[in-house]
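Written below as structure tokens is the structure these notes are about.
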Amino acid sequence: MKGPCPDAGLRAPASRRSAARRALWQAAGLSLGVAAALGLGRFAYGLLVPGMRTALGWSLAQAGAMTTANGAGYLAGALVTAAVTRRLGLSLTFRAGMILTSVSLAATAVSGAVAVQVVLRAVTGLGCALVFVTGGVLAGRLAARSGSAAPIGVYYAGGGLGIVLSGTAVPFVAPDRWQLVWLAFALAASAGTALGWRAAMSAATGTPAAGTPGRAPAKTDDVPARSHPPRPLEPGEGVTPP
């Protein structure tokens with residue numbers, strides 16, 4: 001009889017380490033979505049308010065309306081994310097939110113009209129919510145697979161990264177160049193979308209993203225919910241005879 005393989009005890013820890021590294025890489029990709037959604041889509045506006053007020057002649061009430069619209073869009077997005085995810089799946093909802101955020105940031109540079117800016121701030125908030133909520137679920141799955149909470153920490157660190165980047169870049173731009181800043185934010189969000197695209201797909205399905213080490217068994221948990229309940233068993237079906 002063949003004895004146990006002497007390397008069997010070493011393979012399991014190595015496999016767990018590989019899974020942990022893979023989960024961290026994927027969480028880092030997802031964190032770029034949080035950096036764009038929260039750091040650029042939500043909080044960066046406060047840094048641009050003084051310059052936009054001066055350039056566009058806004059009152060305090062008008063400037064505050066932009067923040068209110070962004071919060072309302074975020075609230076609406078958070079409330080509908082579950083329904084959207086049931087139809088599109090986690091990774092597609094995450095990626096759609098990233099695209100929506102990037103496009104709305106770019107459109108913010110087009111017009112200084114108050115009504116247009118209010119609508120765009122609301123749309124940006126909606127996209128941010130889709131990213132933040134679904135990304136948190138994906139990060140939780142990565143943590144469960146790797147047996148470590150580190151992927152969750154890496155994911156949420158993306159918000160701080162976006163705030164730091166926007167906070168260090170905006171002060172060096174002249175107040176009347178607010179449109180240039182929004183375009184730069186849109187480009188940064190687009191880059192984050194491109195880098196986090198594969199990470200969102202692999203985090204949802206359990207497969208390694210391109211460029212990450214190791215392999216994992218494929219899963220199919222990123223599919224929309226079934227529109228019809230499963231067929232009930234017929235009498236005697238599925239019963240094993242004694």
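Glycine is treated like the rest: Cβ placed from N, Cα and C.
Keep in mind that TrEMBL annotations are predicted by a computer and have not been checked by a curator.
Annotation comment: TrEMBL describes 205-217 as compositional bias 'Low complexity'.
Taken from TrEMBL, the feature domain 'Major facilitator superfamily (MFS) profile' covers 27-242. The average pLDDT computed for the domain 'Major facilitator superfamily (MFS) profile' (27-242) is 84.
The feature region 'Disordered' is assigned by TrEMBL to 205-242.
Panel annotation: around the transmembrane segment (23-45), residues 66-67, 70, 74, 94, 97-98, 101-102, 104-105, 121, 124-125, 127-128, 131-132, 135, 138-139, 142-143, 145-146, 148, 150-152, 154-166, 170, 185, 188-189, 191-193, 195-196, 198-200, 202-203, 208-209, 211-213 of the same chain, lying at least six beyond its termini, place a Cβ under 8 Å from a Cβ of the stretch. Per TrEMBL, transmembrane segment is recorded for 23-45 (among others).
If you look up TrEMBL, you'll see 65-84 (among others) marked as transmembrane segment.
When Cβ-Cβ distances below 8 Å are used as the criterion, the transmembrane segment (96-116) is approached by residues 33, 36-37, 40-41, 52, 55-56, 58, 62, 65, 77, 84, 88, 123-124, 126-131, 134, 178-180, 182-183, 185-186, 189-190, 192-193, 196-197 of the same chain, each at least six residues removed from its ends. Sequence annotations record features per position, and here TrEMBL assigns transmembrane segment to 96-116 (among others).
Taken from TrEMBL, the feature transmembrane segment covers 122-142 (among others). Tertiary neighbourhood of the transmembrane segment (122-142): same-chain residues 23, 26-27, 30, 33-34, 36-38, 41-42, 69-78, 81, 84-85, 90-91, 93-94, 96-101, 104-105, 108, 151-152, 154-156, 200, 203-204, 221, selected by CB-CB distance under 8 Å and a gap of 6+ residues from either end.
Same-chain residues lying 6 or more positions outside the transmembrane segment (154-174) and placing a CB less than 8 Å from one of its CB atoms are 24, 27-28, 30-40, 43-44, 47-48, 51, 135-136, 138-139, 142, 180-181, 184-185, 188. Taken from TrEMBL, the feature transmembrane segment applies to 154-174 (among others).
Panel annotation: around the transmembrane segment (180-197), residues 29-33, 35-36, 40-41, 44, 48, 94-95, 98-99, 101-103, 105-106, 108-109, 165-166, 169-170, 173 of the same chain, lying at least six beyond its termini, place a Cβ under 8 Å from a Cβ of the stretch. Taken from TrEMBL, the feature transmembrane segment applies to 180-197 (among others).
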